[in-house]
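Enquirer: Here you go, one structure.
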Amino acid sequence: MAISQVEENAITVEEPLLPGPSSTKGGIRTLPFIIANEAFERVSNYGLQPDMILYLTGEYGMRAATSATINFLWSAATDFTPIVGAFIADSYVGRYPMIGFGCIVSFLGTLLLWLTTIIPQARPSCNELTSTCEDPTTSQLLVLLSSFALMAIGAGGIRSCSLAFGADQLDKKKDYRNARLLESFFNWYNISVNVSLLVAFSCIVYVQEHMGWILGFGIPAVLMLLSAISFFLASPFYAKLKAKESVLTRLAQVVAASYKNRDIQLSSFNKYEYYHIKGSIASPSDNLRCLNKACIIRNPHEDLTPEGRASDPWRLCTVKQVEDLKALIRILPIWTTGVLMALTVSQSSFPVLQANTMDRTFFKYFEIPAGSFPIFVVIAFALWLGFYDRVLLPIASKIKGKSVRLSSKVRMGIGIVISIIAMLTAATVENIRRNKAYEQGIQDNPDALVNMSASWLLLQNILIGIAEAFNTIGQIEFFYSECPKNMASVALTFAALGRSGGNVLGSILMSSVDSITENGKQGSWVSTNINHAHYDYYCLVLSGIGFINLMYYIACSKAYGPCRGEGKDFMQIIPMDEESECEY
């Protein structure tokens, strides 16, 4: 007899409601301070990233591959720490203390980085005539890397809680009008993030390249100070909810309970009592049956309190907890394709060196800083989303005679395809640029300008922006709809966690390519002298990884199965009046 057909005794418990914020606290008056706090932090952090490879190679004498690896790891840490911050805030300290901690630590990080520009002893001495620098000492590297670590930790404290903390200020139960305000807050929050990226990639980068590192790194430090001030100014008015049990803790309890109950022999002929919440799933599914041991009541007198609760939540979990973990495990293969996608499109360091050797003059008088070219990724991302939503879908709906949209899985696949095209485009452009450098006889001077317009770089940046618009938004929608609703916050961090994993893989790939190719006849493909390097070959490697990822994604998508409202075909347009969430 199958486990789902066995007779069960319903052991149920009621979950207490969390207390809402005090009516005298929170409200719309606090939201501008929260948005300003996040916006200033984003401008400060993102404004430092694009030109960092120029700072490390020029002021610290680092090789381009080493500088790019540091950038990769810094970006990976910045994307990963919000997950840790969310866990600590939800489980132990609360959101207000976590954001406050993040503000202080981020400011210290930007301040420490700024000090490396004004204190000569904080960085190695360099010969301006030969453009060579001494190797940085251990203490100099420690100061530099500590600044990156502090900024990453601080970003984790702020970004992990900022959006949720803003939502805490609007209690929908006490005032129904707050539901509309909450929607407006989410919209303005996302607008502020995108505007912050535009300001960071344009204004901050321009200052760094035209007015020097002291001012260019000083402004982000001041902005981070303003971020902290804007947050703490409204402290008396915030609604500060206490920490509660984290979803991640509940998932960890399932793993621990399954291990502790590993001696239970599961059999379809045995009858089990399952611990479950009233009104929720009463028995676990048959897939990943080893996890079912976590919710089996072995001895009601020992496992349950007189109130019917688990006496040890690390030994006995609810059926809902078990099924939540199973749902999470089920989407992991598709999540890994997002990691490889992030690896393909997160190559932001070498394009800066590339742009630095090209004619960046537009409209005769306007010169775009080398570090500002990522702004075209952001612009393409935003414009394509608007074009897709307001132009393409209405046209498709008119043709089909009813409202339609592309499924999240199809959009993720399209994003991977476009990312491959973007890398092939980047390889072609770099091959042309490198050949021109040799034709002009300037291959030994990495600072010399090639007679080639930097507008050639626009296409690859636009393609990357469109690829991310398809894949990233598709990921967020897929994870949000496939994860149980009580895990929505975890689902929304999956895309960021994928970017973090992609950056870690990027650092490994960069180091591997450098070590494998540096002893060859043509030298390292990622040499500091980009004219001697073969960045075009490196982009071809990335496109190859992208193609493998595409095949892997198709296999994972087919194995996952169709969603409600979808047929069996991988590529499909879904009518809007049908369900789009996948069946379990």
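Every residue gets a Cβ built from N, Cα and C, even glycine.
Just lifted these from TrEMBL, have a look:
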- 98-119: transmembrane segment (TRANSMEM)
- 139-165: transmembrane segment (TRANSMEM)
- 186-207: transmembrane segment (TRANSMEM)
- 213-234: transmembrane segment (TRANSMEM)
- 328-350: transmembrane segment (TRANSMEM)
- 370-389: transmembrane segment (TRANSMEM)
- 410-429: transmembrane segment (TRANSMEM)
- 537-555: transmembrane segment (TRANSMEM)
Enquirer: Are the transmembrane segment (328-350) and the transmembrane segment (537-555) near each other by the rule of at least 3 C-beta pairs under 8 angstroms (pairs 6 or more apart)?
Expert: yes
Enquirer: Going through 98-119, 139-165, 186-207, 328-350, 370-389 one by one, which has the most CB pairs that fall under 8 Å from the transmembrane segment (213-234)?
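Expert: That would be 98-119.
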Enquirer: Counting Cβ pairs under 8 Å to the transmembrane segment (328-350), which of 139-165, 370-389, 410-429 comes out on top?
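Expert: That would be 410-429.
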Enquirer: With CB pairs under 8 Å as the measure, which of the listed stretches 139-165, 370-389, 410-429 comes out on top against the transmembrane segment (186-207)?
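Expert: Going through each listed stretch, the top one turns out to be 370-389.
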Enquirer: Under 8 Å between C-beta atoms and at least six residues away from its ends: which parts of the chain pack against the transmembrane segment (370-389)?
Expert: 50-51, 54, 194, 197-198, 201-202, 205-206, 208-209, 348, 351-353, 355-356, 360, 454, 457-458, 461-466, 468-469, 473
